[in-house]
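Per TrEMBL, domain 'ABC transmembrane type-1' is recorded for A:157-346. If you look up TrEMBL, you'll see A:31-51, A:96-114, A:121-144, A:156-181, A:202-220, A:274-295, A:302-319, A:325-347 marked as transmembrane segment.
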Amino acid sequence: MKYELQPTLPPPANTIGVIGWMRKHLFNGPLNSIATLVLAWLAFTLLTPVIDWAFFSANWAGTTREDCTSGGACWVFVGQRIDQFLYGFYPREETWRLNLSFFLMLALILWLAIPKIPAKGIAAVLTLVVFPVVAFFLLTGGVFGLEAVDTHQWGGLSLTLVLAVVGMVASLPLGVLLALGRRSEMPIVKSLSVVYIEIWRGVPLITVLFMASVMLPLFFPEGMSFDKLLRALIGITLFQTAYMAEVVRGGLQAIPKGQYEAADSLGLGYWQKMIMIILPQALKMMIPGVVNTFIALFKDTSLVLIIGLFDLLAIVQAATNDPKWIGYATEGYVFVALVFWIFCFSMSRYSQYLEKRLQTGHGNRA
Amino acid sequence: MTDAASNTGEQLMIELRDMNKWYGEFHVLKNINLKVKKGERIVICGPSGSGKSTMIRCINRLEEHQRGDILVNGVPLTHDIKNIETIRKDVGMVFQHFNLFPHLTVLENCVLAPIWVKKIPRKEAEATAMKYLERVKIPEQAKKYPGQLSGGQQQRVAIARSLCMNPDVMLFDEPTSALDPEMIKEVLDVMIELAREGMTMLCVTHEMGFAKTVADRVIFMADGQIVEENEPHEFFNNPQHERTKLFLSQIIDH
Ligand SMILES: Nc1ncnc2c1ncn2[C@@H]1O[C@H](COP(=O)(O)OP(=O)(O)O)[C@@H](O)[C@H]1O
Ligand SMILES: [Mg+2]
C-alpha cells in the first residue's frame, strides 16, 4: 500500500460554531427539540413579566410611595431606606467606621484569594489575628476618641457581615483544633471531640440560638447582663465549629501516611508536624469544603432574627411594616435575596475556581 | 546488661534483644536478636511480608514493639518521649516512596528538621543542606519542588534530607523498588558512596549487587524471624537453610 501524507482538514461546518453547538445540544432528535422549544417558551412567558416588573416598568427615582405609579417594582422604597439596610441604627456620622472595616476586610480577602499575590502567611495572620482586633475597636469604639456604639444599635447588612465574619474567623481555627482532637491518639481528647461534634451537628442552629439567648444567661450571675449579639456569636461559632471540624478531618484524611512518617522520622514534634507539614497540605485540599461551609454559615446568620437581632433580613422586614411603605414587601425581600445571592454566589464561584485549580495539578504534589 | 556490649570494646549502634511485635493478634516479629556495630553495613532481605519493614520501623519507633528491648546508641526505646526524640534525631530513614514534603522546595525539605528539631541557624542549615545536595549530585534542583523531579532525584533528595540531621545510623526501606530501572543506579551509587564513608546502615533491599559490594553482613528474614545471617560471599554462595536457598533461587532466576 502506498503511503502519502494526508492534508489536515477543518471539521465540517455544521459541527462547529453556534449552529453546530445548537444542533448537538438542543436539537439532536425530535424529543430533545420539542423539550428545547417548550422550555424556551416557558422561560419566555415566565421571565418576561418578572424582568418587566424589575427593570422596564420599575420606579427608580423619587422619595415617597407617591412616586411609584407605573405598577412595576418600587425601588424607591429600597433607595430611601438603603442607609438603614446597610448600617442598621448605627449613628450616621460614624458609619465610616463600618465602611473602613468592610474595605479592610475586602482587601485582606482579595490578598488571600488571589493566588498571584505573595505572602499568604502574613495575610492569614492579619486576617485571623490583627483584623478582628482592629475591627472590634472600630465598631464598638469607646477608645482612641471613637464614640462608643452599643451593639443594640448595630444592624442591617453590617450586622450580617459581623455575624458571618466572626463565625468564619473563629470557627476555622477552632474546627482545626477539634479535628485534630478527633484524630488524636489520646482517648479522652478523642472522645470529647467526637461527643462535641456529634452533639452540635445533631441540633438545628435555630435551637442553638434560642438556647444561647435563653439559657446562657442562666449560667451567669444575676444582674450580669450579657450582650445579646455576643450570645448569638458564641452560639453560631460553637455550632459552625462542629461542621468545620468535619471538613478539616476530611482534609487530614487525604494526607498520605508517609507524610506523617517522614515528619516523625525526622524528629519533628506533634505540633511542628501538624503546623508545618500536615495542615498546609490539608488546608489546600479542603478550601472548597471550607468555602461551602462559609456559604451555609452566611445564609444561616439570618436566623438571628428570631432572637431579636436586626440583621439585613430582619431590618428589611421591619421596614416593610412601616405604614409609609406598606405593600412593598416584595421589593424588600427581592433586595435581601439579591444581596445574599451576590455574597454566596461569589464564594461559590471562587470555590469552583479553586477546585479546578487544584485538579489541574497546580499544586506541587509528588 | 549493656555491660556486655561495652565489654566487647566496639561500640554498639543498635541492639535488638528478643524483640517481639504483634499487630493485634498477628505475631509479626518473633524473638529478633540483632547487634549492629558502629560503621557496619547490613543488608536485610527476605520474601514480601516477612517483617523486614516492620523491624526497621521499630528502630525509630514508627512502630511500637511489645516485648524485648531495642537500644540505639545505648538509649533504650520505651514510652519515654525524651528517649524517642533522642533516637529519632540520631536515626535517619529513607522510604520506598521517598515521602518528600510536596509543598516545600527541595532546600526547605532539607533544612526544616535541622532548624526546628536541632535549632540550627537557618544560614548554617542551608549551607549544610547544599553540601549534602552536592553529595547526592543535585545542588541545581534546590529551588524546585519535589513534584518537578524524577523518582531517582526525589530519592536522592530524601537521602540528603536525612543526612542533614547528621544521623549516626541510616535506615533504608527498599529505597529503589519504586524506581524505574534506569534510575536505580543513581540512587545505589549515592548509597555506596555513603557506605564507603563509614555510615552505619541498615538497608532492606533486593539489590544483590549492592549487598555484595558494600554489606558486612546479609540478614535473611522469613515469617517474622531472622532465619540466617552471614557475610555476603558466604551468604550467596553457601546458604545454610532451605528457605534461604529457595529465596535466593527465586531472585537470581529473575
Ligand atoms: N499496620 C499493619 N497492621 C496490620 N498488619 C500489618 C501492618 N503492617 C504490616 N502488617 C503485616 O505484617 C507483615 C509484615 O509486614 P512488613 O514488615 O511490611 O513486611 P516486608 O517489609 O517484609 O514486606 C505482613 O504480613 C503485613 O501484612
Ligand atoms: Mg516492606
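Glycine is treated like the rest: Cβ placed from N, Cα and C.
Just so you know, TrEMBL annotations are computer predictions that nobody has curated.
In this chain, the transmembrane segment (A:202-220) touches the transmembrane segment (A:302-319); three or more CB pairs sit within less than 8 A of each other, excluding pairs fewer than 6 residues apart. With a cut-off of 8 Å between Cβ atoms, the residues of this chain six or more beyond the transmembrane segment (A:202-220) that come close are 226, 228, 231-232, 234-236, 238-239, 300, 303-304, 306-308. Within the same chain, residues 164, 168, 171-172, 176, 180, 240, 243-244, 247-248, 250-252, 254-255, 259-260, 262-263, 268, 344, 347-348, 350-352, 354-355, 358, 363 sit at least 6 positions outside the transmembrane segment (A:274-295) and bring their C-beta atoms closer than 8 Å to a C-beta of that stretch. Same-chain residues lying 6+ beyond the ends of the transmembrane segment (A:156-181) with a Cβ under 8 Å from its Cβ atoms: 84-88, 90, 98, 102, 105, 127-128, 131-132, 135, 139, 189-190, 192-193, 196-197, 229, 232-233, 236-237, 240-249, 252, 274, 279, 290, 293-294, 297-298, 301-302, 304, 309-313, 315, 339.
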